[in-house]
């Protein structure tokens, strides 16, 4: 008896959160974006229709769980369920921005740990693997009982600044906006051969931050603030103002995830920040544009990760 082993095909599908990024990733991988419709019933319930056979395929579903967070998360869960019930061979949830990541631990009594809950329901829905970038807290990787590949935005941001004249300059310093971002700031600083400084802040309440001290030499320096995400932009703009007040020459900022909610755009436009560099893990095309914001694409690194996962080769090279 002859045994026939046929390799399962690769197909990429997208929810509604960031279809432009999904199309760019599919183009780089060299496959057409799969045909699936994610719509709404009249009462707002989400409906998913897969318009092609997916039996036995290696399915990659691209969906950031950005605002509206709950809608986009439910879209992803229902898509995963639909593919599982349609007998997809393997389902990888590609989540460039992982919502609810800030609720990764109890900060006071009776707090939920929603980052863990989301990991559990993604697994329960039928995801076999998760591919994401710059989780707000790296320990979230341990919340999953399925394989998770955690890509980094620092190489993309570091390359941009290195190619635009910030590499090996004595007057450049990389600034961590808080103690929790020091590791990220150090990795970024290593790429442009710069020292680091640290802002010591406190949060009297959510989305509100106050600068207490600045550790490091920033006087007459060009400072680059780096964070994993910018939400209301309070931390980054307060930090930039504090740097200038203490003698910094110029302030640039960069982040992986541009959440940009509430007063963020107004704060950035009115701040001393000369330029904000971000990645397109979140679609900000519908937000009022700003001349200060430049968006770089993560499509090449996600496309390469998808190719490596599909071909069953190491993804770790992409973490460097």
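Glycine is no exception: its Cβ is also placed from the backbone N, Cα and C atoms.
Around the Cβ of residue 44 (ATP binding site), a 10 Å sphere holds 7 further Cβ atoms from the protein chains shown. Annotation source Swiss-Prot lists ATP binding site at 43, 44, 45, 102, 103.
Shown in sequence order, 98, 101, 102, 104, 115, 228, 229 are the residues of the chain, 6+ apart in sequence, with a C-beta less than 8 angstroms from the C-beta of residue 136 (Mg(2+) 1 binding site). Positions annotated as Mg(2+) 1 binding site by Swiss-Prot, on the basis of sequence analysis: 136.
For 178, the entry in Swiss-Prot reads Mg(2+) 2 binding site, with the evidence type sequence analysis.
Secondary structure at residue 201 (active site), taken from DSSP and collapsed to helix, strand or coil, is strand. A sphere of 10 angstroms centred on the C-beta of residue 201 (active site) encloses 20 other C-beta atoms. What Swiss-Prot records for 201 is active site, and it gives sequence analysis as the kind of evidence.
When secondary structure is read from DSSP and collapsed to three states, residue 234 (D-ribose 5-phosphate binding site) falls in the helix class. What Swiss-Prot records for 203, 227, 231, 232, 233, 234, 235 is D-ribose 5-phosphate binding site.
Residues 43, 44, 45, 102, 103, recorded as binding ATP, reach a greatest CA to CA spacing of 30 Å. For residue 45 (ATP binding site), the nearest of the recorded positions by C-alpha distance turns out to be 232; the candidates were 178, 201, 232, 234, 235.
Of all the recorded positions in the record (178, 201, 227, 232, 233), the one with the smallest CA separation from residue 43 (ATP binding site) is 232. For the recorded site, residue 227 (D-ribose 5-phosphate binding site), the DSSP three-state label reads strand. Neighbour counts of Cβ atoms within 10 Å were compared across the binding-site residues 43, 227; the minimum falls on 43. You'll find the Cα of residue 227 (D-ribose 5-phosphate binding site) roughly 17 Å from the Cα of residue 103 (ATP binding site).
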